[in-house]
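Undergrad: Attaching a single structure in structure tokens format; questions to follow.
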Amino acid sequence: MAERTLSIIKPDAVSKNVIGEIIKRFESAQLKIVAIQMRHLTKKEAEAFYDVHRERPFFDSLATFMSSGPVVAMVLEGENAVAKNRTLMGATDPKKADKGTIRADFAGSIEANAVHGSDSSASAAVEIPFFFSRLDLVR
Ligand code: ADP
Ligand code: MG
């Protein structure tokens, strides 16, 4: 069953010029990009996206980081897209991320960790419409 997930290349990875390297990993893993956009979020927009983390101590810093430069948001489609993307990403803390994962290779810190990926298909169903309308999704 094809599944969809939201991926974001975060400001740190965009500024390191590794958008292509990261997208190559998704494509090599048979994940298909069915929507893509680059945008510079406002702090309010970043706060709204990460609303589930509002009570966490790092929330304000995270929203500041996520609005510090442009991001690339994508919808990835494929078999087990949510879990497959999380495996490609690696652990939240790049120091704990498996060798060869996106975060191990491109992330600088637990906050500036290169990529976001939906953690479940329920989260994807909320996160995809945050960035994309039905008409933006190619079929
Ligand atoms: P993930 O992105 O792996 O799903 P979380 O959902 O737990 O991780 O956290 C969301 C984002 O918040 C992380 O990707 C990271 O950018 C940031 N973050 C998580 N934990 C911390 C922390 N302890 N200190 C600073 N930033 C954090
Ligand atoms: Mg998460």
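Just so you know, glycine gets a Cβ as well, placed from its N, Cα and C.
As annotated in TrEMBL:
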- 2-139: domain 'Nucleoside diphosphate kinase-like' (DOMAIN)
- LYS10, PHE58, ARG86, THR92, ARG103, ASN113: ATP binding site (BINDING)
- HIS116: active site, pros-phosphohistidine intermediate (ACT_SITE)
Undergrad: Ligand 1 is in the model; which of the binding-site residues LYS10, THR92, ARG103 have a C-beta less than 6 angstroms from one of its atoms?
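TA: With ligand 1 as the reference and 6 Å as the Cβ limit, the list reads THR92.
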Undergrad: How big is the Cα-to-Cα gap, in Å, between ARG86 (ATP binding site) and the residue listed as 'active site, pros-phosphohistidine intermediate'?
TA: 9
Undergrad: Would you find the one among the binding-site residues ARG86, ARG103 whose Cβ has the most company, meaning other Cβ atoms within 10 Å?
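TA: Highest number of other Cβ atoms within 10 Å: ARG103.
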Undergrad: What whole-number Å value do you get for the CA-CA distance of PHE58 (ATP binding site) and HIS116 (active site, pros-phosphohistidine intermediate)?
TA: 16
Undergrad: Out of LYS10, THR92, ARG103, point to the one nearest the residue listed as 'active site, pros-phosphohistidine intermediate' in space (Cα versus Cα); all of them are binding-site residues in the record.
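TA: Closest candidate to the residue listed as 'active site, pros-phosphohistidine intermediate', judged by Cα separation, is LYS10.
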Undergrad: So which one is it: of the binding-site residues THR92, ASN113, which has the fewest other Cβ atoms within 10 Å?
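TA: It is THR92 that, of the binding-site residues THR92, ASN113, has the fewest other Cβ atoms within 10 Å.
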